[in-house]
């Protein structure tokens, strides 16, 4: 087919022609990399023209996959994160379900806390718990929410709560039988003032010893005793632990024994979204968190420690004091900024005030996973064997260097 007179020079390159392309005033180089090189003429190349042919890629050339660009709108929820841990073999399906039920309980409690004044959930309930403490209305409701979520999971065998006298065997359990200990609402005395509060939990390995047995004719006291024995485990046995802080935002902090992760509740989607990975507490910090209103009832060695923190020393900068009155709130700040939180024994509380099983042990498990330390002043908290459900111990927790410094004063 002959080219028309009006054909442009470039049109010669688009046609399979036997004519010479030399007719083009200024031949264009299609492949600059081949410019100046001799190209062998084979059956697909003709001296009188050019045919458009596909060129096979060089088999020796390495093709690198394009880097995946992370979208600014990509969110990883707590649920998807747990499923990934399950796929990696870090946890099993049963534990994933238990964790999801705890997250659901925390969402419900967060809503109750935010609407406490509107829903008339402030003030005391009129009852006293096993510790002799006045129960707030939200204490009772939060305990019910937590317990119901764990029961409905079908994967929990025993639950032990600050608000319950003894551990409770969950009859509805289908499989899993995990032991879950929790404080449904820590810092509830702050509710009326809308100050930070939180929930604390710990999860231990499955255990069947406390489940109801239709063939067991023993007295209820014997069954309760078996429950207590199986729940009273040292913190070293924890599989997972965490807390949820109800503050300006709702933050769910979790460890499965390999790092500490934080998830923030997105009110738009109603989901906990991963916001911090592998949190590490600073090795030291210039913040201390103690209730100094009890100073006169403390041990002399502890008084000396606090006095030295206030001394500017050669640096000219004393430690800063920060105290909220909520274990979760004070601990979360310490985890991020470093320093030390302490609730010591005193003349009024000979054994301390915080509970070992569902407050001190879970928090110590978290802080150690972040590189910190939890101590009763002399021993590692996770090594202490509980002798009763509501056992109290002194607690000093935070940056490793700060806790070890305090232990030297108390030695």
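The backbone N, Cα and C atoms fix where each Cβ goes, glycine too.
The record from Swiss-Prot ties 183, 185 to Mg(2+) 2, and of the options 144, 162, 163 it ties 162 to that site too.
Of the residues 74, 292, 300, 359, Swiss-Prot puts just one in the Mg(2+) 3 site with 183, 186: 359.
Together with 186, 187, 188, 189, 291, 323, 341, 343, the substrate site in Swiss-Prot holds one more listed residue from 283, 317, 350, 353, which is 353. The 10 Å shell around the Cβ of residue 185 (Mg(2+) 2 binding site) contains 30 further Cβ atoms across the protein chains shown. In terms of Cα spacing, the recorded positions 133, 232, 291, 341, 353 all stay beyond 10 Å of residue 183 (Mg(2+) 2 binding site). Within 8 Å of the centroid defined by the CB atoms of 183, 186, 359, the record's Mg(2+) 3 site, lie the Cβ atoms of 162, 182, 198, 199, 200, 327, 328, 354, 355, 358, excluding the listed residues themselves. Note on proximity: among 133, 162, 185, 186, 359, the binding-site residues of the record, the Cα nearest residue 341 (substrate binding site) is that of 359.
Over all protein chains present, the Cβ of residue 133 (Mg(2+) 1 binding site) has 15 other Cβ atoms lying within 10 Å.
Other than 162, 183, 185, the residues of this chain whose Cβ falls within 8 Å of the Cβ centroid of the Mg(2+) 2 site are, in sequence order, 139, 142, 143, 161, 163, 182, 184, 186, 188, 199, 200, 358, 359.
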